[in-house]
Amino acid sequence: MPLAFCGTENHSAAYRVDQGVLNNGCFVDALNVVPHVFLLFITFPILFIGWGSQSSKVHIHHSTWLHFPGHNLRWILTFILLFVLVCEIAEGILSDGVTESRHLHLYMPAGMAFMAAITSVVYYHNIETSNFPKLLIALLIYWTLAFITKTIKFVKFYDHAIGFSQLRFCLTGLLVILYGMLLLVEVNVIRVRRYVFFKTPREVKPPEDLQDLGVRFLQPFVNLLSKGTYWWMNAFIKTAHKKPIDLRAIGKLPIAMRALTNYQRLCLAFDAQARKDTQSQQGARAIWRALCHAFGRRLVLSSTFRILADLLGFAGPLCIFGIVDHLGKENHVFQPKTQFLGVYFVSSQEFLGNAYVLAVLLFLALLLQRTFLQASYYVAIETGINLRGAIQTKIYNKIMHLSTSNLSMGEMTAGQICNLVAIDTNQLMWFFFLCPNLWAMPVQIIVGVILLYYILGVSALIGAAVIILLAPVQYFVATKLSQAQRSTLEYSNERLKQTNEMLRGIKLLKLYAWENIFCSRVEKTRRKEMTSLRAFAVYTSISIFMNTAIPIAAVLITFVGHVSFFKESDFSPSVAFASLSLFHILVTPLFLLSSVVRSTVKALVSVQKLSEFLSSAEIREEQCAPREPAPQGQAGKYQAVPLKVVNRKRPAREEVRDLLGPLQRLTPSTDGDADNFCVQIIGGFFTWTPDGIPTLSNITIRIPRGQLTMIVGQVGCGKSSLLLATLGEMQKVSGAVFWNSSLPDSEGEDPSNPERETAADSDARSRGPVAYASQKPWLLNATVEENITFESPFNKQRYKMVIEACSLQPDIDILPHGDQTQIGERGINLSGGQRQRISVARALYQHTNVVFLDDPFSALDVHLSDHLMQAGILELLRDDKRTVVLVTHKLQYLPHADWIIAMKDGTIQREGTLKDFQRSECQLFEHWKTLMNRQDQELEKETVMERKAPEPSQGLPRAMSSRDGLLLDEDEEEEEAAESEEDDNLSSVLHQRAKIPWRACTKYLSSAGILLLSLLVFSQLLKHMVLVAIDYWLAKWTDSALVLSPAARNCSLSQECALDQSVYAMVFTVLCSLGIALCLVTSVTVEWTGLKVAKRLHRSLLNRIILAPMRFFETTPLGSILNRFSSDCNTIDQHIPSTLECLSRSTLLCVSALAVISYVTPVFLVALLPLAVVCYFIQKYFRVASRDLQQLDDTTQLPLLSHFAETVEGLTTIRAFRYEARFQQKLLEYTDSNNIASLFLTAANRWLEVRMEYIGACVVLIAAATSISNSLHRELSAGLVGLGLTYALMVSNYLNWMVRNLADMEIQLGAVKRIHTLLKTEAESYEGLLAPSLIPKNWPDQGKIQIQNLSVRYDSSLKPVLKHVNALISPGQKIGICGRTGSGKSSFSLAFFRMVDMFEGRIIIDGIDIAKLPLHTLRSRLSIILQDPVLFSGTIRFNLDPEKKCSDSTLWEALEIAQLKLVVKALPGGLDAIITEGGENFSQGQRQLFCLARAFVRKTSIFIMDEATASIDMATENILQKVVMTAFADRTVVTIAHRVHTILSADLVMVLKRGAILEFDKPEKLLSQKDSVFASFVRADK
């Protein structure tokens, strides 16, 4: 057929110009083409020449991006313009098809306008990103011309009586409005930027973030199209496929998204609430108001997007209704009644009655709906992430001010705080993500019910009633599910606590043969957890079942009721399949209801917990002595605003205040020079708990400035508490603590600024920083150097001096990377002595004028202690006139003290110089004298020089390298370093980018067993086959309903027609019932499979780990093992089953849908191939990026949580150093790193979902177009068309879920892979060569030990730590073993228990070679006390006798021997008194005494003490030594000496050096030899 612009009819009115050219419709249309052609000719050269060249691309970088005024409005108007132009094109084609003649002018101008609109926005984008607004003048001209020409057309339409009944008139009016608005936007740009018509144009710089090329998260800065489609992520996803993603690849957060910005916003909201409500500033209601005030605006935006998306979602059912209804009726040819300007214009009704138009509108509605939905998700998640970062920062700042009593003995534990950070902040984040559903769900339900009623009539209310009535059941199931999850979490936490204790004390458990006891303890808790998990699985399966069964049941009841009770009503395919789609939409919000309710409840609980935490007590700042105000410019760097304690009711403390009222207003003593003291306490009463009895009573001390002060006393007398009270960490009941404010804070630090004072605290200025080394060393998860310098500038000379003073150089030399080696997990890669020395080195390195050292010698031998005292404390500190306060048990150092404070039972016994004690406390002084009895200075210097002689250090524990004798040969250093690097998993994090093998999936499924796996696969396939059969039968049924309608059925008997309907209804009922039953079977099978696998894997893992050799625990970080039991087991328990169910369901649904569409229209397969290729590459690129981003999200969260845990653990140290601001800055960096990873992961998920849903929309369009074509040619029934379209919509819904679940499953299977890796760990050989019947029951009854040519190593790849050792120990002998650090003392003791590889020689005990004994028998018949005390949470009785073999009298006897009987009797419950985790409610010395008592309980004939008295004062140690010698007179005792004087009374003394026996004789004989090494040790220890 010939084509012509104005039509092929010569007599057409389109050619007439007798009434003027503007009255000619074709001319007006041609006139409308002119502006578009103008724009194309002007802009194309600029785009292709200016921005198309490679040189120009170099200059267009995101650093020049900015948004012109009206940016978003322009893009929105352009999108609307494009939509209206598409409608105009379609309207023109339809209008042109009515007549025989073809009129190109009906749609060609609209096509040109469409191209021009796209060109205009591309042109605008390039100009905007290059910040060159003068070229916008072309757009100004274009919008002006387009507005004028379109207005002329609109006026001419009006003149020719073309009105609202014609769609062309409405579209033209809309175009006039749109062009006018775009013209106004362009004029506004001129007004604001003044780039033309003004003399002084305004220069606008791009955002500050874009000037920083490190900012790579560009979502806030890109144009609206890129925001909606995440187009800017394309380059990132492509790069991620080529190389791994790391923190450098994702860059930094924009300023507006950083934790500090959001924290400040939250603080402003809190301040605003505080001004409104002064009563409950931190209450839960105030927190909710503050959160809404700070982040509510973005939440409203997300909710708006969500409501728009939900409303657009109803376009699918309506378009299906229209298309199928159109195809189900006879084709009607519209006879033109009236022609205007020579052509016929279709009406709106005719336009929407066209099936192809509806298909295109459905496609566009799906695109827009998916875009709005993903925008809602993104905005909500971004808001939640920002909120999480703000709350985490607020929690951290609160921690910095938290009262120590809340952490040590109060209501707040470190675990609770970490849960608050890790769990509760995430609960709030996810609540904000689900929050838009709260008001979107009612809208969706109401609209859905109205549309169902419109389509089905009254019968629709039946199905809606079924869904709504079942909503309470869903809520009940969700509530039970939440309860089961909470119960599971409680048992899981208890199991992890027990597992953590078991792993931390694994050495003790193996030495005592208690593995099975603690393993059974964990398994008992696991059984309780599995019971709760079964309930969780049951309710999960019910929830899954209801999600899939409710739509089937609602459709069944509705359709059967519809044809049964309303026989004359319409049951055509259009009604049935539109209703089916509406039911699926209606069910969705009811499914979400349970999740939203659970999330809301969890958020309410989390906010309540947050409120309680923020309201907890804070520390006080101590007073400073009055001084002259400092100059204004000399404010101290660490000066902090004084803090106020939250008032509480403390009856016990108030009573003390009443008694000590006169002490409330005190000033420092003015005896002598006012500046001769550093700290002064007057009448101080201090307590840990708010309502407790004071731990320290009537404390009045004066610590001199620039001198060495020592605090001494017995175990538990309050020495460490006195230091903490001085630092302001204890609750002060009464009295006063004064810091000399004339002391400069540190080198380069000025005194505090008095202008920071408040009226309420005029005398409570802050003290300066104090270098503090706690008794329990606190190390950062950082390098050795970073732990020592501790954020201070690196000074090489000072650093070397500190390293030498702490004798750390030999230990550093043996580390894999020297002082750049990562140490973490509380320093578990290092020995106790090394941790202690690094902690002390930190205090020595700092430039503070005040240094507090809390028992720094407890874990050091005599040589290291003497060297640290001489080179560190005396030379580096005291000689530098720094104030040093030293808590110690080593009384031999008292002569060095300038001032001594003696404590007893929480009070000051006396303070003064050593001479003062000699004069006034003669008895105490004589007691000290007998303990210290030092030699002259010449001998001391000789000993120090001897200690400086070079020897290979063996200080590094077995976890790092060869340990003993490792560096004897220099040529093996490289081999050793390589091995250490391989063993040390903390030295470097290797990014595992390799794809997780699907063998892990096979291992997971095979763990379920072949029967359960077969049932799982068969039930899933059968269920989806039945679901397809249900919908196919519905199509057949509705097609028959068309034939059997009253107008067309032509039945002779109405009973025959009713019979046909009943047969269809009956078969439909059977299929639906079968489908519901299969839904139940599949949901139960999936959860049962998950339970069985979880139970089997955990049991295998626990049994394998508990039997692993000690070498495994020394070379594998504890956190890595614990993560297998925590996060990986949790993934297998709760996440993999649900992911597996979702993956199988979404995959089978997509396959079913594509199969049905291909069956309905086979030509669809042609279009399916390219779509499948695109889909494959999208998912391939996404899975790589998603896996990397997910791992990055997890790995960046670990340092954040670790930083919180480190801060809580080292809070006293941080506050003592005044490093709060530095640690807060690190927190912000960690939070931003985690948030940027989370945001990129969110953007990547949205990138995938937008593309997958766009592909789904394409599937719908192609399926609709092909179905319509086949139906119009009478090759396809309307029912099958409805079936195909319904399944096409299903593809668009489930395609992205399939890829997302595939990526999630790939990540989650990593947990299975990691656990199976641990299952390959080789176990210890517990079996013995001797049968149990051949071992005497009372073996060993004598205690005779023969050591024959014994050589020991820790691993077959390592060097020996003991070489050719021979010794004979007679029954009942007391053997003392000494030697320098690394000489092999501990290895010697471990050899008795076969904890090391005895590759040569043997040990014979009472005639039996221990290598032939079963390990459990051997270890249960010996006793050992380790250097590091290990206590478990539980009762004292459990800690002493977990096997429950001993009577109470035996336990009390052991406590009496250990000097603990009085302490335990004073506790509530006595033997049943509770010991907290790690024994934190007892001092370090008391914990060691409990370990001694535990060993005494066993009453074995061989007793080994491995530096067991390191944390005990000398007086108590001497008592214990006497008791041991008396109580164990008939037993063989092997003592590894911490203080050499403790083995002077031994029968024999063994001196080890480099793994060999250097000396082995009676102590008297060795002391008589002048050149004896043992004699030199004794002289050094005096």
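For all residues, glycine too, the Cβ spot is worked out from N, Cα and C.
Feature transmembrane segment, per Swiss-Prot, maps to range 1282-1297 of the set 722-737, 1282-1297, 1522-1537.
Same-site candidate for ATP binding, as annotated by Swiss-Prot with Gly716, Ser720, Ser721, Ser1483, chosen from Trp688, Trp739: Trp688. Here the candidates are Asn10, Asn698, and Swiss-Prot annotates Asn10 as N-linked glycosylation site.
Swiss-Prot records N-linked glycosylation site for one of Asn781, Asn787, Asn1050, Asn1349, namely Asn1050. Per Swiss-Prot, Ser130 and Lys1036 occupy opposite sides of the membrane [differing topological domain names].
Looking at Ser1386 (ADP binding site) and Cys26 (disulfide bond), their Cα atoms lie 103 Å from each other. A straight line from the CA of Lys1385 (ADP binding site) to the CA of Cys26 (disulfide bond) spans 106 Å. When each of the binding-site residues Thr1381, Ser1386, Ser1387 is scored by how many other Cβ atoms sit within 10 Å of its Cβ, Thr1381 comes out lowest. Shown for the topological domain 'Cytoplasmic' (1085-1143): DSSP residue counts in helix, strand and coil, namely 54 helix, 0 strand, 5 coil. Among 299-602, 679-930, 1013-1307, 679-930 has the largest number of CB pairs under 8 A with the domain 'ABC transporter 2' (1345-1579). Mean per-residue pLDDT, taken over the topological domain 'Cytoplasmic' (48-72), amounts to 61. Its Cβ taken as reference, Lys1385 (ADP binding site) is surrounded by 24 other Cβ atoms within 10 Å in the chains shown. On the backbone, the CA of Thr1381 (ADP binding site) and the CA of Cys26 (disulfide bond) stand 102 Å apart. By a simple count of nearby Cβ atoms, those within 10 Å, the most crowded of the disulfide-bonded residues Cys6, Cys26 is Cys26. Taking CA atoms as the reference points, Cys6 (disulfide bond) and Gly1382 (ADP binding site) are 102 Å apart. Here the Cα atom of Gly1382 (ADP binding site) is found 101 Å from that of Cys26 (disulfide bond).
If you take the Cα of Gly1384 (ADP binding site) and the Cα of Cys26 (disulfide bond), they are about 104 angstrom apart, rounded to a whole number. Counting every protein chain shown, the Cβ of Gly1384 (ADP binding site) has 27 other Cβ atoms within 10 Å.
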